[in-house]
Amino acid sequence: MNLHEYQAKQLFARYGLPAPTGYACTTPREAEEAASKIGSGPWVVKCQVHAGGRGKAGGVKVVSNKEDIRAFAENWLGKKLVTYQTDAQGQPVHQILVEAATDIDKELYLGAVVDRGTRRVVFMASTEGGVEIEKVAEETPELIHKAAIDPLVGPQPYQGRELAFKLGLSGKQVAQFTKIFMGLATLFLERDLALVEINPLVITKQGDLICLDGKLGADGNALFRQPELREMRDPSQEDSREAHAAQWELNYVALDGNIGCMVNGAGLAMGTMDIVKLHGGSPANFLDVGGGATKERVTEAFKIILSDDKVKAVFVNIFGGIVRCDLIADGIIGAVAEVGVSVPVVVRLEGNNAELGAKKLADSGLNIIAATSLTGAAQQVVAAAGDK
């Protein structure tokens with residue numbers, strides 16, 4: 001789960017990380033009032049969306065008078081910002097962050113992720129701030145310096161100092177960087193984060209370090225113990241179908257194809273998508289109904305899949321282990337009857353009560369194509385979608 005920049009900076013403040021004075025505003029009037037609270041200009045106004053590339057898309061602007069702040073807010077609030085990280089529709093802008101402008105001398109990068117290879121939180125720092133760290137890693141990997149956090153002892157100040165020296169910092173900047181490093185590491189661990197980025201971490205003309213931007217990603221599996229982060233969730237920044245799926249504990253990811261997929265188990269779901277592609281089709285989604293599938297959840301899964309206008313056929317692939325195939329069949333029959341499915345539905349059932357499930361589908365009188373093998377099912381659904 002991603003957080004907005006203004007939310008990240010609110011958390012930064014609690015952990016002692018320096019950031020420009022700023023206010024998140026939902027109306028043009030609030031934006032003007034925020035500028036008055038901050039003091040004399042210039043100011044920076046930023047659209048708050050869960051996407052990078054805002055500056056190039058016109059979503060970040062330096063302004064010198066309050067009239068320009070109002071104009072910026074009026075132009076963007078309620079609109080959608082399209083960047084290279086969004087889809088063609090863009091992300092809705094509901095808040096504008098108004099901040100004091102910062103005199104920048106140099107831009108750095110500081111971030112952290114969970115490294116599955118080392119099974120540790122790994123911090124990354126670079127002198128190449130203000131640009132995509134992925135690009136730096138690809139073109140000049142030697143400019144990225146790392147520090148792995150030992151889970152037994154936690155972050156250590158010496159690690160921050162080592163990174164500071166590698167970045168060419170000296171004097172008070174080393175102490176400032178070490179404080180930022182320790183605060184950020186504590187924030188990462190205490191809040192169960194999966195990603196944190198300060199890009200850029202700037203050195204001002206006065207020689208001080210400031211967190212000019214902030215990006216936080218929370219581990220969705222740990223949100224049950226992070227109630228404050230759960231409250232920060234902004235569903236408007238998420239795909240509406242994915243948000244709906246989450247309410248029913250369905251794992252759904254929208255894709256660009258035309259064959260809807262409903263599968264139980266993440267591994268089987270990925271394998272199903274692979275075999276659809278292998279036979280010339282294009283999956284419209286990843287959808288895992290999980291091991292505790294019920295008739296109601298299957299019905300909702302159908303509704304979510306069919307809410308995508310691109311879907312020309314639906315492939316239901318169920319291996320009955322924990323979940324019984326006859327219950328899935330009941331859900332499919334109920335969903336097809338309730339939703340009024342007008343596209344072909346190919347169903348492959350294997351495992352627990354598969355024969356009973358297949359009989360229920362056959363006796364339903366509905367236009368459901370039964371498949372006995374995975375390969376055959378893939379070929380049938382691709383043909384039904386008109387891809388071959």
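From the backbone N, Cα and C atoms, a Cβ is placed for every residue, glycine too.
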In Swiss-Prot, substrate binding by Gly321, Ile322, Val323 extends, among Asn264, Asn285, Asn367, to Asn264
When each of the binding-site residues Glu99, Glu107, Asp213 is scored by other CB atoms within 10 A, the minimum falls on Glu107
Of Asp213, Asn264, Ile322, Val323, which binding-site residues are close to Glu107 (ATP binding site), meaning a Cα within 10 Å of its Cα?
none
Which of Thr102, Asn199, Asn264, the listed binding-site residues, has fewest other Cβ atoms within 10 Å
Thr102
